[in-house]
Amino acid sequence: MHNDKDLSTWQTFRRLWPTIAPFKAGLIVAGVALILNAASDTFMLSLLKPLLDDGFGKTDRSVLVWMPLVVIGLMILRGITSYVSSYCISWVSGKVVMTMRRRLFGHMMGMPVSFFDKQSTGTLLSRITYDSEQVASSSSGALITVVREGASIIGLFIMMFYYSWQLSIILIVLAPIVSIAIRVVSKRFRNISKNMQNTMGQVTTSAEQMLKGHKEVLIFGGQEVETKRFDKVSNRMRLQGMKMVSASSISDPIIQLIASLALAFVLYAASFPSVMDNLTAGTITVVFSSMIALMRPLKSLTNVNAQFQRGMAACQTLFTILDSEQEKDEGKRVIERATGDVEFRNVTFTYPGRDVPALRNINLKIPAGKTVALVGRSGSGKSTIASLITRFYDIDEGEILMDGHDLREYTLASLRNQVALVSQNVHLFNDTVANNIAYARTEQYSREQIEEAARMAYAMDFINKMDNGLDTVIGENGVLLSGGQRQRIAIARALLRDSPILILDEATSALDTESERAIQAALDELQKNRTSLVIAHRLSTIEKADEIVVVEDGVIVERGTHNDLLEHRGVYAQLHKMQFGQ
């Protein structure tokens, strides 16, 4: 993976270029328009010589007749080229932003779960929105400035040398001095830009935490805490912005001082008799006006460095994510529908970034069509076992088999298609009820199938009371639904999926007693002829399981039926006694 420090600005831009290249036609048109725009400005200045020497000098009064027409024509050309260049650059910029966001979005969807465990949602959102916008807007803005101001400088130099090479050659000493000034501030600009992007991620994260947890903030009186946190990161962002302004502001007067010294020397040199003999009023006016006109593009080119560095710093941040390794999907085996035999053999697993294994030497068989329940205290490793079946994480040692084959032999899509998951943390999308139930497969299922799944999940009662029934939009993460209603939508989703392997991770935890009793009947029906792994704190929901496995600190300590484990008077019996007070 590339390190930010290892990539120079040029290397970063070269890597970005393939993203821009498909839209180079727009860049070419914009470039031509910008050059014509700059040429019109330069030509406008050149008109001062005939105007002063001939027009007002009364040697050729016809100049005063055709000059206004030329000026009008140049202004029309300037307006047209300005519009064309702005439109084309915006078109290219929009395409680049869209392409970068698509690449980021697609790459992130292929990242392992461990990646999201380490990254805050706010930071990742900032990368997709703010940073990708910075790449395009900064780069396109810099391109406009470089082409237009660069063409202006070249045009002005050519005109100045044409009219008086003696005076113009003095300005050549400007080039290396300006180059040194730009190089000095470049590194500073890029470092500040990287800090600004990181701080923007912190601002987004802080705001997102408050917005998502606003109820908790209100209940626990966390307004002051959240305000202080947001103020802190906002002030940090302000300070980084001021550092950028400071660096940019220092470079401006330096360039202007260098240019003013050159202008002063030109005025002094113009007083030499050998130089004055070849100068007219028009010539000295054109040359001197051109030198003054050079100040603006030189200043713009100095500032463009900060703008370009901002874009390249954002680009490096995005490339860091794009260089991150995606989920390993090296399996070749594809299966339409598994029988459902699942087996853990001597499995040890440690979460990335941790030293202590979450699971140690797990041996577990879940025969096809049978129900195995995992029981244990919070943090014992029950949900971890379930997440390994879907290969959200890869194990350290041992192997996990499905139908006698290692899970790593299957393609991820084929493997995960065999599993339906209902967890305690239900995520619903800002879409209709029907589309949430048939998520990712809306075209595969009929309306009747969706309704049947909702009915079996005992969800139609509250769905029918909604304004638009199954077509009701339920808001972000089902904000318009109660916890129990959200859980039943998730169960309906699993019923409709009809996968041979079912994972119920606290599937009824958010339901009241009456709803739980009703939904349990549906779950019992759903579990028939399916391999089911049930994780539950409520022991009453797993008494009928074919086998109950007790997990303690990542190790299986007991296994057996409900009655067997009660008679054994071990950990399960203690948990049962705590819940039922026996």
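For all residues, glycine too, the Cβ spot is worked out from N, Cα and C.
Per Swiss-Prot, the feature transmembrane segment maps to 16-36 (among others).
Taken from Swiss-Prot, the feature domain 'ABC transmembrane type-1' applies to 28-310.
Annotation source Swiss-Prot lists transmembrane segment at 63-83 (among others).
Packing against the transmembrane segment (153-173) from elsewhere in the chain are residues 38-39, 41-42, 45-46, 49, 262, 265-266, 269-270, 275, 278-279, 283-284, 286-287, 290-291, 293-294, 297-298, 301: each is 6 or more residues past its ends and has a CB under 8 Å from a CB in it. The transmembrane segment feature in Swiss-Prot is assigned to 153-173 (among others); the stated evidence is sequence analysis.
As annotated by Swiss-Prot, transmembrane segment applies to 253-273 (among others).
Counting residues 6+ beyond its ends, the transmembrane segment (275-295) has Cβ neighbours under 8 Å at 41-42, 45-46, 48-54, 57, 152-153, 156, 159-160, 163-164, 166-168, 171, 256, 259, 262-263, 266-267, 269 in the same chain. Feature annotation from Swiss-Prot assigns transmembrane segment to 275-295 (among others); the stated evidence is sequence analysis.
The domain 'ABC transporter' annotation in Swiss-Prot covers 342-578, and the record cites sequence analysis as its basis.
Residue environment of Ser378 (ATP binding site) contains 7 other Cβ atoms, counted within 10 Å of its Cβ in all protein chains. Secondary structure from DSSP puts Ser378 (ATP binding site) in coil. As annotated by Swiss-Prot, ATP binding site applies to Gly376, Arg377, Ser378, Gly379, Ser380, Gly381, Lys382, Ser383, with the evidence given as sequence analysis.
The Cβ centroid of Gly376, Arg377, Ser378, Gly379, Ser380, Gly381, Lys382, Ser383 marks the ATP site; residues of that chain outside this set whose Cβ lies within 8 Å of it are Thr384, Val551, given in sequence order.
Residues 77, 80-82, 84-85, 88-89, 91-92, 95-96, 99-100, 103, 135, 139, 143-144, 147-148, 151, 315 of the same chain sit 6 or more residues outside the transmembrane segment (16-36) yet have a Cβ under 8 Å from a Cβ within it. Between the binding-site residues Arg377, Lys382, Lys382 has the most other Cβ atoms inside 10 Å of its own Cβ, all protein chains included.
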